[in-house]
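Visitor: Below, the features straight out of TrEMBL:
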- B:29-50: transmembrane segment (TRANSMEM)
- B:62-87: transmembrane segment (TRANSMEM)
- B:93-110: transmembrane segment (TRANSMEM)
- B:131-151: transmembrane segment (TRANSMEM)
- B:223-240: transmembrane segment (TRANSMEM)
- B:274-293: transmembrane segment (TRANSMEM)
- B:305-336: transmembrane segment (TRANSMEM)
Amino acid sequence: MHFQYWLDNFWSLSVGGLTQGAIYALVALGYTLVYGVLRLINFAHSEVFMTGTFAVITVWNLVGYDLNAGRPGTGMVIALLVLGLVAASLTSAGTALLVERVAYRPLRRKNPPSLVFLITAIGASVVLLETMGLLTERKLKGAITLVQPKEVFSFFGATVDNVQIIIIVSAIVMMFGLEQFINRTRLGRGVRAVAQNPDAAALMGVNRDRVIMLIFMIGGLMAGGAALLHIVKVGSTQYDVGFILGVKAFAAAVLGGIGNLRGALLGGLLLGLVENWGAGVFGSEWMNVVPFACLVLILMFRPTGLLGESLGRARA
Amino acid sequence: MIGKLQKADDRRLSILAGMGDRWRAVPKAWRVAVGCAFVLLLFALPRIYIPGVDEIIRTTKTDFTTVLFLVAMYVVVAVGLNVVIGLAGLLDLGYIGFFAVGAYTVALFGSPDSPLHGSKLATFMHTPYGWLLCVPLAVAVTMLSGVLLGWPTLRVRGDYLAIVTLGFGEIVRLVAQNANGLTNGQRGISDIAHPGGTWPNLLPGFIDENWVGLPMFGSATSLAWYWLALVCVIVCMFASRRLERSRVGRAWVAIREDEDAAEIMGVQAFKFKLWAFAFGAALGGLAGALYAGKQQFMGSNSFDLITSILFVAMVVVGGAGNLAGVTVGAILVWYLPERLRGIDFFGIELNTGEYRLLTFGLALIVIMTFRPKGLLPKRYRSSQPPLVEAHVAEEASA
């Protein structure tokens with residue numbers, strides 16, 4: 001127990017936790033969207049994220065910025081980041097759609113118990129994981145450091161660097177954009193309608209299959225964004241990078257109330273915070289115990305998560 | 001194309017069901033005789049040669065007997081998890097936690113290497129009968145851990161329960177990995193107790209001559225372990241079958257179908273859910289005890305999350321609620337990847353080790369797409385759901 005250490009470094013631990021939490025939140029959105037509409041855990045979402053991370057590195061290598069390349073100028077950095085975002089989003093969204101097409105759609109017509117979707121999702125997850133493992137020979141892949149962490153400002157002894165600011169701000173911007181999309185557009189209204197009552201929505205002329213494809217795509221886009229931020233933060237990826245991150249993101253979605261978009265943000269940030277604090281107090285080897293213990297505790301008192309399920313009940 | 005395949009598969013399924021009906025129509029004496037013969041065949045499987053069959057089922061890259069032992073052990077896990085998922089309908093993604101608790105109980109009390117060694121209790125356990133003493137202890141401790149986990153969490157329903165149990169499994173693994181004072185952390189615990197006894201000079205030809213005098217449960221062969229696991233499987237299946245047809249089993253099915261309705265009809269849902277958790281956990285602990293004894297070494301690496309998810313996969317793929325189904329599921333999930341490590345099929349050699357998990361993942365998708373209720377689904381007569389049937393039978397006998 002290092003409470004003194006935790007107190008001394010409270011703010012820097014918090015900033016680090018929020019940064020990681022922002023990435024969790026973006027991945028958690030994919031879980032929450034699919035759960036809100038289909039009431040099932042999309043277990044393959046962690047692999048959707050994983051393919052995104054590889055897409056970022058691959059596309060950077062393709063345009064000539066591999067590990068040995070020199071440092072690009074500011075304009076080039078922005079261009080590369082945008083390129084990485086586009087590549088990761090497209091790949092992740094594509095993977096998500098593929099998973100939906102192969103593992104979910106053939107089953108949906110048969111209306112099986114929801115556990116079955118869990119198993120096909122696990123199957124899809126294993127296939128993606130192993131394919132990527134075979135393609136990359138199960139090796140760690142490094143990416144060029146585009147943004148060198150540099151202190152921007154500090155408060156209470158905690159330094160905040162530009163990478164952390166980029167990650168937190170872009171995650172929040174993406175979440176805000178998504179919420180506007182769901183709440184204000186016609187397509188978003190369709191999503192909410194299907195989440196509320198699939199049959200009634202179908203009677204009102206909402207194409208259910210299209211809505212389901214849409215949410216998988218949006219989840220993939222968000223996971224793609226998370227993949228880019230992950231690469232910027234960590235600088236490398238591996239074929240099994242998604243697994244533990246996916247589990248934590250799912251835990252974050254549940255923590256905030258699965259099916260609730262703001263819940264995903266809250267849950268993600270909170271999980272990141274608690275995790276980093278736990279690492280500070282108990283040592284980094286206990287880092288993963290604390291968030292799960294917290295999750296169990298919170299679910300005991302609030303069985304539907306902090307904000308409850310409400311994609312369907314969002315303002316009409 | 002897929003529609004045609006589906007139709008062919010439905011036909012296959014109905015043939016299977018017809019065979020089941022015919023089997024049930026056979027006189028009981030015949031069924032018992034055939035069952036006994038089949039069990040004997042299972043016991044003899046590692047040491048006999050059946051032309052034609054042998055080439056297909058024998059694993060080439062790993063010791064066949066060890067694989068059989070592992071499969072039998074995982075069948076125990078499947079039977080236990082079937083009670084939780086298949087009968088009571090509780091999605092438990094952290095079942096590996098119970099398995100680990102059972103294994104570590106044996107390791108802690110039955111090994112001179114354990115940090116507990118030196119305390120009176122642990123020394124008492126480290127006798128030639130140490131393992132046998134450890135097994136009931138392991139079962140009791142896991143049962144207790146099942147109750148301890150279930151007490152606060154069983155109020156949570158459905159998918160929330162899934163993530164809570166997943167968290168439990170992960171916490172158990174991390175504690176095993178990091179609590180150095182208790183589990184020796186990454187170094188692990190070695191020299192774990194196992195049953196005593198040496199190979200007798202019986203059954204010549206069936207038991208290798210050089211084994212005579214060697215410890216039965218030693219490193220020479222897994223045969224004795226396989227037999228022990230098989231006995232455990234039979235006992236567990238019998239117990240689970242009896243329980244399923246008792247009042248408790250009917251309560252579980254009622255809770256699975258509709259918890260609120262069951263509660264209104266006077267079933268104390270929480271109590272029976274806790275029972276299901278405890279019973280399932282006990283079987284998981286038993287399997288863990290077998291595993292610890294066989295491995296002789298307990299590190300934390302054997303208890304990762306993906307294994308826990310594969311546990312669920314074997315129950316659902318085989319057919320939740322059906323004992324024959326979950327057995328098939330366990331065989332599929334644990335035996336198939338081992339078999340696919342290397343294919344040497346009548347002279348055709350393929351090195352498939354790299355692709356075995358890929359194939360397994362594809363198999364999961366294909367099987368669930370074609371048979372959403374599992375390979376061998378539990379059959380209820382459509383006009384008479386099991387609960388009504390049981391009621392009618394009770395009234396008739398009264």
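Placed from the backbone N, Cα and C atoms, the Cβ positions cover glycine too.
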Visitor: For the transmembrane segment (B:305-336), name the stretch out of B:62-87, B:93-110, B:223-240, B:274-293 with the most CB-CB pairs under 8 Å.
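Guide: Going through each listed stretch, the top one turns out to be B:62-87.
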Visitor: So, does the transmembrane segment (B:29-50) come close enough to the transmembrane segment (B:131-151) to give 3+ Cβ pairs below 8 Å, pairs being at least 6 apart in sequence?
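Guide: Answer no: the transmembrane segment (B:131-151) and the transmembrane segment (B:29-50) share fewer than 3 Cβ pairs below 8 Å.
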Visitor: Based on Cβ pairs under 8 Å, which of the stretches B:29-50, B:62-87, B:223-240 lies most in contact with the transmembrane segment (B:274-293)?
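Guide: Looking at each of B:29-50, B:62-87, B:223-240 in turn, the most contacts to the transmembrane segment (B:274-293) are made by B:62-87.
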Visitor: Any chance you could find the range in B:29-50, B:93-110, B:223-240 with the most Cβ pairs under 8 Å to the transmembrane segment (B:62-87)?
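Guide: Maximum Cβ contact count belongs to B:223-240.
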Visitor: What residues in the same chain, six or more past the boundaries of the transmembrane segment (B:29-50), come closer than 8 Å to it by Cβ-Cβ distance?
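Guide: Apart from its flanks, the transmembrane segment (B:29-50) reaches 23, 64-65, 68, 206-207, 223, 226-227, 230, 234.
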